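What TrEMBL says about this one:
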REGION    67-166  region 'Disordered'
COMPBIAS  81-164  compositional bias 'Basic and acidic residues'
REGION    270-395  region 'Disordered'
COMPBIAS  280-326  compositional bias 'Basic and acidic residues'
COMPBIAS  362-375  compositional bias 'Gly residues'
REGION    419-444  region 'Disordered'
COMPBIAS  419-429  compositional bias 'Basic residues'
DOMAIN    531-701  domain 'Tr-type G'
BINDING   540-547, 587-591, 641-644  GTP binding site
């Protein structure tokens, strides 16, 4: 077991530098970092050395705690004594007479002990000498008990200052105690209390002062042991008689004072040599419970006293005449009126309270009547005003109406007098007017409709500019002016679209509302929700260690899959930690797809890890990733990677982040950060702990017992399995056989696989899965739902397809005369039509968006078609008809498509890196194509057999089908038209001899560098890179 250095220093009460220096002396090298972990052996050495410091700290804490408890008890005692001060003057006369007899010599050594002795001895005197005790009860104490008992508290502090004042304390306490012990021992001797009562009645007026002195002296000569017994007797008296008013409140302050005196023993405990043993937890707990009980009893007694005082005040008020109460009520009203804000409220309240009285009712009725009259007058005025207005306005209307009437009269006279053609011509005239009015209305309607944009749920900035017939630069500038950074092909959410459209004088209308309403979202009851695993997205710049971190986490925490690792690419990984908790890591297919998911409102990600290399700077892509995470509203954890390198400088990265207003916790900010090394695994566990801490703060929950909903992470076309989609379930449970609806695609789930390509039957919340059975490839970022029937899914997809076609027609820009004139004026205007085909939907989206962004005023790039899968014959025929080029990203044309492309003269470009495709198209557009490296296929090899050789890896026995293989060539492994691997040739052999080249129709043994995924039937395409002048 390991312990953090920070915890060790806190336990042992020493500094980190002291611990590190001591361990170095003992031969243990430890980093001076609070998070450094030390072994049990090192901890034992430290405990042995610094145990005295630890004991000192514990003792000081205990001493501070006890001192605080004492101060608290003193405070409570003083409060109780203070409350009962006003009743003291009655007993002062009696005390003064007793002072000279018991004065100085007797009470100097002991203060409160004598008081307790008196309490303890009185019951004994009652038994032996009833006559003397008749003299002792000084004054009628049953009546004066509370008043007399309060004096000892005040007189006790005076004992220390003045010797003369001390004896009154002894005399004062005996009187109340005479009655109290009699009440307690009733069950023991019944006759004694009766005698005392009789004595009290007979000797009410006698003066017992002289007799009291004798018992006091006798008591002084008693030993301290009896004093202790007296104290024991007093305690039950205070506990058993809580019913009396003030008598027992004085007893409890005495107890508190005695407890304080006992606490003085701690002064001797300061000596280290005579320090008592440390109390156990059980003893400390008992002490706390006892003190708490005493405090609660004191509170109860205080409450009872307060209640009795309140009742006394109430009785006094009741005895006082009604005049006093009336005056008090008047005063209360004045106090309320001080607050100006409440004046109106009080007036209303007083009028309402006054309503039930008979006199006030009449007044209220009159006032209401007056109000009604006033309202009536106001209405009359308004009517008069309205009549005036009506009189003025109709003057104009009447003139117009008179003209109309005159016209109508003339027309009717004309009809009556003349017949024939005039009548039919009149009808024709009316018909023409009606037709013109109808045309005018249609034109007005069209004008209004032209200012209304009919949109689907989300459109890009480019499409929005096309629909409004403005430049896309103006749209982007408008978005930047309102603080939103957008790109030309970034999808905008509804709020942004509304703002931009209003800026240009357009209104928006979303035609997909009915489709959205078709899928009813079920609301989950709070009791059905269960905790779910967090979904974490790892983002960062290229080569900053994002993939290395995911690889290390999967190696360390995931059971190894098949030989060769993960065979099926999936964008999400579910990781189980050592303590059983799970985290889902999401590998987003580029920032554009992440933006699309955020724009659609599908909050797939819960937490974002931003990776920054410690030997680099905060790069533009890193800033873009941070902006995406902030826009999505997800918490951020910074991981500073590559700290094991000698050139690493984590503080520089933190400084750059602070300049961007992202202050890490170590520097007093709110963002968590962790220094890690993804290759060596340093700090990865701490990073996962911080991620889980953020997840606990979010309190993530979902309902697994319902139909599943979630997001599409990736989709592709797989030969033999059809369209496959990687999904991430956000709520509910996805099962085999469910009907899934995603975008314009739907289908029944035929099979499901996890990230290790193992077949599963269901996937719960926060679990990724690969599903088969869809009739198309949904877009990355689309939300999927499970619907009840196949018919319902078909209806919704038909509506969505119709809306997509309408949207496509609206956003399709028709060539106008103005645009044609602009092109002619430019002279060298060109259009570049591109067809994009890729292996997965995320790559296709990112590549097509990036190519469209390259459009300039002179050259316009149009992506006329994009899709998932190998390049087919239909793609070639479309390219030939539209004079386009085909860009293939990680895909190859089928055999028939390749031949057809050669015949039609269609240019097919194949890329594996998105940046290469963008740069090449950009260079071609600019017309500055310098000689660049181009691939020339040298041979095609078919794998006939695969051998696994120890310490070497996979070796393929193959036949060269076409061309000639050279040892220096590069190779590309192709399976079902999809590129699986690209790399260098590791070894090329004929029989057992290494050779430089192998010709057509010869067998050879070939192995590729770092490639362990070769199967029988795969094709190896070898090529060499040559520099040629590139033409487009």
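Glycine residues also receive a Cβ, built from the backbone N, Cα and C atoms like all the rest.
Just so you know, TrEMBL annotations are computer predictions that nobody has curated.
Projection of TrEMBL feature records onto the structure.
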residue	record	Cβ contacts under 8 Å, 6 or more apart
540	GTP binding site	546, 610, 611, 612, 621, 622, 625
543	GTP binding site	613
643	GTP binding site	614, 650, 675, 676, 677, 682, 683
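With a 10 A radius on its CB, residue 546 (GTP binding site) counts 21 other CB atoms from all the protein chains. Look at residue 543 (GTP binding site): DSSP puts it in coil.
The region 'Disordered' (419-444): residue composition by secondary structure is 24 helix, 0 strand, 2 coil, according to DSSP.
Secondary structure at residue 643 (GTP binding site), as computed by DSSP, is coil.
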